[in-house]
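As recorded in Swiss-Prot:
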- 1: O-palmitoleoyl serine (LIPID)
- 69-114: disulfide bond (DISULFID)
- 99-109: disulfide bond (DISULFID)
- 100: N-linked glycosylation site (CARBOHYD)
């Protein structure tokens, strides 16, 4: 009948939100590992024996993150297979920091205060304002 069929294929990137969701899931399921010499090769092995071995697409880490809620000035940064303690690094914690009571973002009191609760402080400021009408 003279009709023809044409098929076109292309690849497209997932949305930024989809990529973020995959990364968040990988972060939440990350496995702490240690570098061990097995035979003549260095291998990354889970620190917890009951954890399954990781795959090449899993997220792994050698050093746990500091507790950002509490002060933790001791940070170990892997350098090769040894660890160094650089000065002026770590976490000062969140005690005493100002937060936004109504925010659900990282500046919000619920998140920043790490479940410890927070004090509300109301301050009234009276200023002279050279207003002209």
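We count from 1, first residue shown onward.
Cβ coordinates are placed from backbone N, Cα and C, and glycine is handled just like the others.
Distribution of Swiss-Prot features across the structure.
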residue: 69; record: disulfide bond; DSSP (3 states): coil
residue: 99; record: disulfide bond; DSSP (3 states): coil
residue: 109; record: disulfide bond; DSSP (3 states): helix
residue: 114; record: disulfide bond; DSSP (3 states): coil
Cβ-Cβ distance under 8 Å to residue 99 (disulfide bond), same chain, at least six residues away: 107, 108, 109, 112, 113, 118
Cβ atoms near residue 69 (disulfide bond) (within 10 Å, other residues, all chains): 16
Other CB atoms, at most 10 A from the CB of residue 109 (disulfide bond): 19
C-beta crowding around the residue listed as 'N-linked glycosylation site', within 10 angstroms: 13
C-alpha spacing of residue 114 (disulfide bond) relative to residue 100 (N-linked glycosylation site), in angstrom: 14
CB within-chain contacts under 8 A for residue 114 (disulfide bond), separation at least 6: 69, 94
